[in-house]
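The following features are taken from TrEMBL:
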- 19-49: region 'Disordered' (REGION)
- 55-121: domain 'HMA' (DOMAIN)
- 133-199: domain 'HMA' (DOMAIN)
- 208-274: domain 'HMA' (DOMAIN)
- 299-319: transmembrane segment (TRANSMEM)
- 331-353: transmembrane segment (TRANSMEM)
- 373-391: transmembrane segment (TRANSMEM)
- 564-583: transmembrane segment (TRANSMEM)
- 603-623: transmembrane segment (TRANSMEM)
- 922-942: transmembrane segment (TRANSMEM)
- 948-971: transmembrane segment (TRANSMEM)
Amino acid sequence: MATKLLALACLRSEVHGHLSPRPHYPSMPKYPKGVSPKDDSVELGSGSGSTQEAKAVTFSVFGMTCSACAGSVEKAIKRLPGIHEAVVDVLNNKALVHFYPSFVNEETIRETINDVGFEATLIEDKMNDKATQVCRIRISGMTCTSCSSTIESALQAMRGVQKAQVALATEEAEVHYDPKIVGYTQLLEAIEDTGFEAVLISSGEDISKIELRVDGFRTDHSMRIIEESLQALPGVQDISSSPEINKIALSYKPDMTGPRTFINVIESTGSRRFKASIYPEGGRGTHRKEEIKQYYRSFLWSLVFTIPIFLTSMVFMYIPGTKHAFDTKIVNMLSVGMFLRWVLSTPVQFIIGRRFYIGSYKALRHGSANMDVLIALGTNAAYFFSVYSVLRAATSKAFKGTDFFETSAMLISFILLGKYLEVLAKGKTSQAIAKLMDLAPETATLLTLDNEGNVMNEEEIDSRLIQKNDVIKIIPGAKVASDGFVIWGQSHVNESMITGEARPVAKRKGDTVIGGTLNENGVLHIKATRVGSESALSQIVRLVESAQMAKAPVQKFADRISKFFVPLVIILSFSTWFAWFLAGKFHGYPESWIPSSMDSFELALQFGISVMVIACPCALGLATPTAVMVGTGVGASEGVLIKGGQALESAHKVNCIVFDKTGTLTVGKPVVVNRRLLKNMLLQEFLELVAATEVNSEHPLGKAVVEYAKKFREDEENPAWPEARDFVSITGHGVKAIVRNKEIIVGNKSLMLNHDIAIPVDAEDILAEAEGLAQTGILVSIDREVAGVLTISDPLKPGAQEVISILKSMKIQSIMVTGDNWGTANSIANEVGIDYVVAEAKPEQKAEKVKELQALYTVAMVGDGINDSPALVAADVGMAIGAGTDIAIEAADIVLMKSNLEDVITAIDLSRRTFFHIRLNYIWALGYNLLGIPIAAGVLFPSTGFRLPPWIAGAAMAASSVSVVCCSLLLKFYKRPKKLNNLEIRGIKIE
């Protein structure tokens, strides 16, 4: 299972791995005349007998902006003769084309793409694709989608960057780049040039990194000696030191060395006065805590100054004694209260509010505008008008004006409170990752063995110091410290925290174990195989992190709005001020509307500032990513790994599910239930020939035949079968090989007919009987004569019937597509309640069927085998059973870790719930701005006298972001549908 899990989070380095099958079109690939869509080869001549394989090429396509662009390119390519398949990926600006060179060439395809209106270049060297790396960078200082879009654009403009995603909610960037063209240091510089702080989390290189704390050195010379000692070690790639904080960071190849070696080298260097340990981690959690502390401190300091300002302007002015004191004149018309408010508001404006000036400067320097620009403009307008009033009052004996120092100070205070609550809530959206990371134990018991395997020494170490090939002792009740395999002992291990499988799994010598799982009863000695970032747990964490980075298509809506939102608000704000100012200047409204404490200009200014500060681009920017973060995190805790926002968005629209049969609807562990010889020969000899042929097959039916044959070989637990030469696997049909100089063909009826082998009447009767019992009949031919029939049964998965029934109640059509025979397929379909069946389908035919259905439905494909991967990729949503093959898991959009069918319902229900919250977020964010801006502009003032002071507008703006994040956080209370809790899960035992 550990090997399966490792595939879950594999960040594909091949560019082809990122070629999204979306958008989908129901149109079929165009084949040359006489070429069957079932064939991947073309006959070159009537008499030549030679064939030509379909060739795959990749083009870079520049100029595409949306799925409509991708669709037009895809359709244009498919109109050409000789095109086998074409997939256009708008995210990565690439097109993957399979074509037959005798009918069309690369230049024709390139010109066709150019004719559609896009610039295409051929990526000739496929080996360069394998050099693609993915690095993750933490970014500080982003406030809204305008910030993230600015960084994204800067990264994508760099040569060598194939794809860049910047997530506002996680404050991280994920960049796919070619290290031959650009390095991660240049990526960091590009981000810093846009005005934000960037810290590398992982470079994507095939190396591990660790930071060590070194105590005991007194001079830089000592540090240089330590560095030189470490650099001499094999496998050490890079060393950087920070003597001021006693830190050394190392990059190394885990196959060659490890952290314990580094610590031993440091502590044995010089006069052994140095001490080394792992540097305290400063990951995302630490960064988030620090950010929360900063906002909290800023908010408290702003309160220290703002509360006195509020009291002097709003409270003390109504208390007779204090009113007189604060109205006392200092110079001319300058009062004590006005001067105090100026003194108290200045630190709030320029020291505590400095972050808004810095953010505004960085944004404007790159030609964009963000939330900081609105806050800076709004508070500056209030502050500098107030300063003007103070100076006029100090220099004039007749000036009667008011100040708005309380507006700027309270505005900054409320925005800081809102940001504090927002980062507090955003921190909770990523708790799923924190819980996954907490599964790893803090310590491990390291064993030292002699040459004979006897334990010589036990030592408790930090689990982060485990190196490859270490032998670790796992006692009952302890967590498994590392991925590896058992070399001694027997026990049961609870893997529910990783796989979701509730029952403990028996482990004995040779079995694999997964780090973070719980050993229940026996003592185990395991050899570590995957440590650190290579472990299954780390890769699942990376998968969830990557999923939270990926934008849902609906996010494009917010991104489009954010481009013109801030400039539009600034225009509206100035227009509001100007309209009210002109109306006041030319007596467009009664003077009684003007409050006694201000004139018409000041009233107009208040309306303008309110409009500027109430508008909130943050709420729009957070609407989708926060919901996706919580949704994917909740999915991971339910055993449903959703690979990003695209998968979530597609899943909530699904109204048709295509199921594979073997391993999906059935248990996937077939057993031979009957055998019948049709030729005079020994049963043991017959089974040996069949097992020798099938032992090279990965198909579950082949494995069942081998397991059955083992029962007749009592002499050995792992018998040595006769040698099989010229082994050939015919996908969807069977296998053939030469064993003991006899041609053995094992497979279905069509395989025998394709080889012109006559099928006896007895064999036909046995096959018909097996099909009626929902069993699979396998024919065995020896030297082109049917010698026997094996019947195999694969029981239905627990709850399969109920799951199909629940899907029907959710108005989701269920279809079964299988490579098995029609009789068995129909029997299984009738048993579970599926009405529509496609049997005897090859892998490419499964994909074709999915494409046909996409003309009518949004299609999900649920499968587990290699033969399902084309259909998983073709479907709108591919769901892989967690116990399936690595290829199927990699091709899927959603991985069902528990291998339970009911998780199909959980995945769809969770996606629907997530998108309900996304819609709620957008309704709130848009509704808030659409209602708030007119009210702030004074629409209600003429009829009701209601006016929104700027500081209340600022508080409302801060509250809107917090409310959106809190709405997303409600997803944490998600419970799977109650119908699933009532499912009767029947135990199935496979002998």
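Backbone N, Cα and C define each Cβ position, glycine as well.
Taking Cβ pairs closer than 8 Å, the transmembrane segment (948-971) reaches residues 375, 378, 382, 404, 406-407, 410-412, 414-415, 417-419, 421-422, 425-426, 428-429, 606, 609-611, 613-616, 618-619, 622-623, 626-627, 629-631, 634, 913-914, 917, 920-921, 924-925, 928, 932, 935-936 in its own chain, all 6 or more past its ends. The stretch from 299-319, 331-353, 603-623 that makes the most Cβ contacts under 8 Å with the transmembrane segment (922-942) is 603-623. Non-local neighbours of the transmembrane segment (299-319) in the same chain are 326, 337, 340-341, 344-345, 347-348, 352, 403, 405-406, 409-410, 412-413, 416-417, 420; each lies 6+ residues outside the stretch with a CB under 8 Å from one of its CB atoms.
Sequence-distant contacts of the transmembrane segment (331-353) (same chain, at least 6 residues past either end, Cβ-Cβ under 8 Å): 298, 301-302, 305-306, 308-309, 312-313, 316-317, 325, 375, 379-380, 383, 386-387, 389-390, 392-400, 403, 405-406, 408-409, 412-413, 416. Remote same-chain residues near the transmembrane segment (564-583) are listed as 146, 369-371, 373-374, 377-378, 589, 600-601, 603-605, 607-609, 611-612, 615, 617, 620, 933, 936-938 (criterion: CB distance under 8 Å, separation of at least six residues from the stretch ends). Mean pLDDT of the predicted structure over the domain 'HMA' (55-121): 79. DSSP places the residues of the domain 'HMA' (208-274) in helix, strand and coil in these numbers: 25 helix, 21 strand, 21 coil.
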